[in-house]
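As written in Swiss-Prot, here are the features:
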type: SIGNAL; residues: 1-43; note: signal peptide
type: BINDING; residues: 59-62, K118, 248-250, 314-321, 385-388; note: ATP binding site
type: REGION; residues: 147-301; note: region 'Nucleotide-binding (NBD)'
type: REGION; residues: 421-521; note: region 'Substrate-binding (SBD)'
type: REGION; residues: 652-679; note: region 'Disordered'
type: COMPBIAS; residues: 665-679; note: compositional bias 'Acidic residues'
type: MOTIF; residues: 676-679; note: motif 'Prevents secretion from ER'
Amino acid sequence: MFSARKSSVGWLVSSLAVFYVLLAVIMPIALTGSQSSRVVARAAEDHEDYGTVIGIDLGTTYSCVAVMKNGKTEILANEQGNRITPSYVSFTDDERLIGDAAKNQAASNPKNTIFDIKRLIGLQYNDPTVQRDIKHLPYTVVNKGNKPYVEVTVKGEKKEFTPEEVSGMILGKMKQIAEDYLGKKVTHAVVTVPAYFNDAQRQATKDAGAIAGLNILRIVNEPTAAAIAYGLDKTEDEHQIIVYDLGGGTFDVSLLSIENGVFEVQATAGDTHLGGEDFDYKLVRHFAQLFQKKHDLDVTKNDKAMAKLKREAEKAKRSLSSQTSTRIEIDSFFNGIDFSETLTRAKFEELNLALFKKTLKPVEKVLKDSGLQKEDIDDIVLVGGSTRIPKVQQLLEKFFNGKKASKGINPDEAVAYGAAVQAGVLSGEEGVEDIVLLDVNALTLGIETTGGVMTPLIKRNTAIPTKKSQIFSTAVDNQKAVRIQVYEGERAMVKDNNLLGNFELSDIRAAPRGVPQIEVTFALDANGILTVSATDKDTGKSESITIANDKGRLSQDDIDRMVEEAEKYAAEDAKFKAKSEARNTFENFVHYVKNSVNGELAEIMDEDDKETVLDNVNESLEWLEDNSDVAEAEDFEEKMASFKESVEPILAKASASQGSTSGEGFEDEDDDDYFDDEL
C-alpha cells in the first residue's frame, strides 16, 4: 500500500545539526520522468528489414487491407473484387469460410457463422456489454475461466474458439489478400483498433495477429489512421480536425492538429459498443414486433428467421442513405409466411435518433479536453460506413453551426489507407520519411497510496509512448514488502477506478517508515500497452508486470461512467484529495519527530524536553487514530500547526546544543516534497 504524504512544513536546518542531517537523509529524490512523445519510426535508416508491411483495418463488420508500394497506397480487393471484406467466419460440414462466402450463407447456417467478434475480444465473460451482446447473437458463447468462447460445430464435433482465434482467422484472410496481390509472403503488419480500446483489447488484438502469422509492429488508433489518410497533402498551415469515426460496432472521435507532416492527437473519446450493428438491431426488433402484431407469432426465438431479418435490415439501412423509403421482402420468412414491410427513412431515424444523438457527447468531450471551441475546428472528417446515414451527418453539421463535413475520403477505406501509410513509414517506403504521429492514451494510469488514494503517474491524453517514474516509500516501520496496485480511471479514490493488476516487491531491508526508496515506473508503449516496474533503490531488486489480456479491463460503459462521474463529483474528489494530503502530511511529520527523538537526538535532549515532545507525539497519534475518518482537511492542518508550535522550539534547542553555528531554529519553508510517498 502506498500513501501520498508530502510535508507542508519545511525545516531550515543548519548543516551541523544532527536533526537536520536526519531529515536530509529522508528527503525525497526529485521525481523523475520522461515523455517520448514524438515517436513513430520516421526515416528509412531507422527501420529494420521487415519486408513489405501491410496496413489492416480490423473492423467489427468489415475489414480492409492496404499496402504502400513505390510511394503509392493501394486498397486491395479480395477474390470477389470487393475492397472491403465482411468480418465473418463460418463453418459448414465441409469447410471453413471467411469473408463474403461466410456472410452469404449466414441466414441458412446461423449457429455456425461468427460475426461481431470484435465486440468480445479482450473482455471477460461477465462484462455487462458481453452479456448484453450475446443475447442477440445466433451462435453460442460459453464461459471458460470468465472468458467468452464461441462454440460451433465443425465437421460434426463441438469446437470452441477464443475471440483471438476468430479475429486471427479474419486477419489471416487479410494477409492472404495482400500476399495474392504482392506475389510474396507477408509477415509484418500495422493493425488499427478503436481509440478507446483498452490494454486488454489491444493485447488480444496483437495475439490475434500472432495466430494469423503476423507480427503486429504497431497498433494505431482508427481515427488517427484516418487523419493520416486525410491529411497527407496538408503539410503547411496547421489544421485542427475532428475525426468522427462511426463504424459497424464502435464509435470514436479524435481531435488532431496537422502541421508539416506532424499528426498530433489532442484528445480522444468514444464508445466501443456503438455502431451500425446497434442501428440494425433496432430495425430487427421493430420488424419482429410488427410481424408478431400481424400474425401473433414470436420469431425472436428462431435463429434462422432472425438471421434473415438481420440481413434484410442491414440492406434496408444502406439503401435509406440514398433513398427515402425501401421495401423488405422475405419469402417463407417464418412458418411458411412471407414477410413484407415498407421502411421509410423517417421511421429509421425515429427508431435510432437517441443513438445518433449519443454520438455528440464524445464530440463535446474532445473539444472540452483540448480547450478548443467549435469555431476552432477547420475540418470534420467522416470515417466508417455509418457516417453515410444522412441524419448522422445532419446532426453533426448542426452541432458545428452548419459547417459541412469533409467527404474527400472513402469512409470505408480511410482507416486501412492510414494504416498502410504508417506501415510504409516503418518499412522505409519513400515519400513518408517526415511523417510523425503523436497519439495519446485514453485514461489516467496510477497506483494506490495510503488512504485508498489514486496517485496518477500517466495522465489521460498524454502523448504515447511515454515513461514516467516516481519515488515512493514504506508506510510502516520495518516493512518488508510492498504491493503495487495498478489502476486506470479519473476518480480521486481507487475504489471508484478500475484495478488493472498488482504485484509485490519483497525483501526490503528493515528500516523506519519513510526511509526505503522504491522507484515505480510506468511505461506505456506506442501500442498503448502498459508495463509497470518497482525497484528497491537500496538493494537493486526489481519486480514488474505487463498488464496482459487476462486482467479484465474496462468496458466502454465503465469508461464513460468514470469520466462523467469525475466531472460530476469533481468537488467531492478535490475534498477527498485535500483531506488525504493533510492527514498524510500530519501523520508523516509526527512519525519523523518521534523517530528523531528516539534516535539520534535521544542523547542530546533533556529528559523533560524529550518527555514533552513524546507526550505531544502520542497525543497526536491518538487523535489521528480517533479522528482520521471524520476530520476534514482543515482539522488536520490545525492539529499540524498546533503540534509544530509545541515541539519546534524544543527541537531547535536540541539542534543548537549540538553545535549549530547559525543559532537559528526552524523556519517555514515552502517545500511540498520533503517526504517520499509511502508504500
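We count from 1, first residue shown onward.
Each residue, glycine too, has its Cβ placed from N, Cα and C.
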Secondary structure composition of the region 'Substrate-binding (SBD)' (421-521) [DSSP: H/G/I, E/B, coil]: 10 helix, 46 strand, 45 coil
Cβ-Cβ neighbours of G249 (ATP binding site) (radius 10 Å): 25
Greatest C-beta neighbour count within 10 angstroms, which of the binding-site residues S321, T387: T387
Per-residue Cβ crowding (10 Å cut-off), top of binding-site residues G59, Y62, K315, R318: G59
Within the predicted model, mean pLDDT of the region 'Nucleotide-binding (NBD)' (147-301): 90
DSSP three-state assignment (helix, strand or coil) for S321 (ATP binding site): coil
